Each structure stands twice: as C-alpha cells, then as structure tokens.
Amino acid sequence: MTIHGFTCIEGHTEGMPVRMVIDGAPTLQGATMNARREDFVAHHDWVRRTLMLEPRGHAHMSGTIFYPPVSDNADFSLLFIETSGCLPMCGHATIGSIAFAIEERLVVPKRPGTVTVDVPAGQIVARYQTDGERVTSVRFTNVPSFLLKRDVEIAIPALGTLAVDIAYGGNFYPIVEVQPNFPGCEHFTPDELLAWGRDVQRAVGDALEVVHPDNPAIRGVRHCMWTGKPIADDAHGRAVVIAGDSLVDRSPCGTGSSARVAQRFARGWLKEGEAYCHESLIGSRFIGRVESTVRLESGVDAVLSSIEGRAWVTGRAQYRVDPSQPYALGFSLQEFVN
C-alpha cells in the first residue's frame, strides 16, 4: 500500500460528529448500495478503521462516504461508516451529509427542496429548508421501520432481568423502557449505560437471532437504546443510544428515532402523523412522525417514518495515510483490553 490521501467535510448533526469523505474513497463493485456495502466490508474496511478510529478519529466518531447515485432517480449515494462498522443506515449522518452536500455544492438536486439518496438499506427521500446558502433543517423519510419483537426477557449482571422491545429503523435496536430494574437513563452515567449497552447487545444475541425479514444480509444487534424522562417540558421522550463497544450517540439517533416511532406506533402509544419530539443525552432533538403504514414483502407490518433535524459544517480536513507510520490504519483501545 502506498501513501493515500482523503478529503473530508467535518461537521455535526445535533451534536453528533459526521465526517463525510468526498475524495480518496475506493471504487466499489455492485449494482446496489447494499451490494457495494458488502464489497466495502470485504475488501476496503481499512478505510473505515483509518478515518473513524484513533489517531484520526475517536471512540464516538461517525461518518459517511459520498458516492455518485446508483439509481437513475437518485441525486447521490451514501455509505455509512463508524467505529462499530459499516452500517446499512444512519439517520444523523444522513441529515448531516445532505446538509453538507447542498451547502458545499457537491450536488444540485433534481428537484429543489428535495433530494433522493441511495443507501445500503434502500432509498430515502428528504426535504430540506434553507436560509440563503445555509440548510436550516433536513427531514427524511426513512426505510420501512417495524417492531420485530416485544417484551424479550434478558438478564445483565448490573441490572438483572429486563424486558426489551426490538425494533428496526435502519438498524436493530433493543429498546429498554423504564421498568422496575431500570428507572430511566437520567439516573445513570454515560459510562454505565455504555458498559451495560454492550451487555444488552450480547444478551439479545444469545436470546434470539435478529434478522431483517426481507433482507437476511441485515442481521444482528450492534446498538442499544436506554430511555428516560426528557429534559425539556415540550419533549416527549429521551434516549441514550449505544453503538458497538464504544460509541455513545450525542444526537437522539436517526435510525433509533425511527425504531422508537415504529415501536410506539405498534404499541398504540403514537398516532399516524403525530409529532414525537425525541431528546438525546445532551438535550438535542429530532422530530419523528409516522407518515404512513406499509407491509413488507414478508408480510410484516411496518411504517414509513420521517425524522427531522439540523446539522452544521465545522470545516474541511485532509488526511494522510502512510503505511510506514505506527498505527497507520487506526486502533481502538478496546483492542488492547483482555
């Protein structure tokens, strides 16, 4: 491997970092973004490690790779990368990447005010608002989301027995609602929730096989959502989302918000069209809604949800990858813990 360079746009969505690669990314094989994701995982995961992990990234880094559209009707494509892996979908990164692409003039949408984006989980349509050259909000309609399992009983050492709902919003989420052994996320530290989130992921994986009913390539649990009382009086819920071994989402989590909207709708706690203000650990917020109901090819009932949020560009960066340097392809502290 020779010295390689990447150009990235840096920013954040409601407090959660988004690093969007706009130059230097590998050419991927496949007719769809799902197939190209599989090619990336098999042959190019060093790119993710290099840009997401230390020393160029950190334990909570998240990002995308900007690609030309795969479909004729799309404006561009996105591949989602973060410390935990290459994801089928990431909502906060979608909001950020759409805002960045428009503000930095990487794309001229076919329909002003609307963009269509190819992603591994499918195709999403987003509407955006502007004030001059600034994108002030992005509202995207996510892939079909659904409640896969309810009241799955698991046990973790710190809290004992828990009942979790498993919902899909582009990724699978065990959702831990307030219950006897869990009084709410506001009662615990982020470090505690991170450690216990890893335990929940393992416990769910031991309890059952989690597979998308229409797409067996989407499987397994790499997230956990701890819920609790919101900070603001006008918010409806709060969540601390854990991804993989080390990431604590600073935003309310886009795919997690879609999963929670789908869960609440399936349980009768949310009506179609009703706004759900979802707070994060730091009090930032997304607005989620059930836009319509759909049925998957497998016959599973699902919803099309929209998630609305804001993002900001903080700069541009050039990254140099020299294989002769130590830790050139990134490292995680977790790799050095027995």
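Cβ coordinates come from backbone N, Cα and C, glycine included.
The annotation active site, proton acceptor is assigned in Swiss-Prot to C90 on the grounds of similarity to another entry. Summarising the annotation, Swiss-Prot assigns substrate binding site to G91, H92, H223, D249, G254, T255 and lists similarity to another entry as the type of evidence. Summarising the annotation, Swiss-Prot assigns active site, proton donor to C253 and lists similarity to another entry as the type of evidence.
Distribution of Swiss-Prot features across the structure.
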residue : record                       : DSSP (3 states)
C90     : active site, proton acceptor : coil
H223    : substrate binding site       : strand
D249    : substrate binding site       : coil
G254    : substrate binding site       : helix
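Each residue contributes its Cα atom, and for T255 (substrate binding site) and the residue listed as 'active site, proton acceptor' these two points are 6 Å apart.
Taking all protein chains in view, 27 other C-beta atoms sit within 10 angstroms of the C-beta of D249 (substrate binding site).
One way to see the shell of the substrate site is to take the Cβ centroid of G91, H92, H223, D249, G254, T255; the remaining same-chain residues with a Cβ within 8 Å of it are C90, A93, G169, G170, N171, V241, S251, P252, C253, G256, S257.
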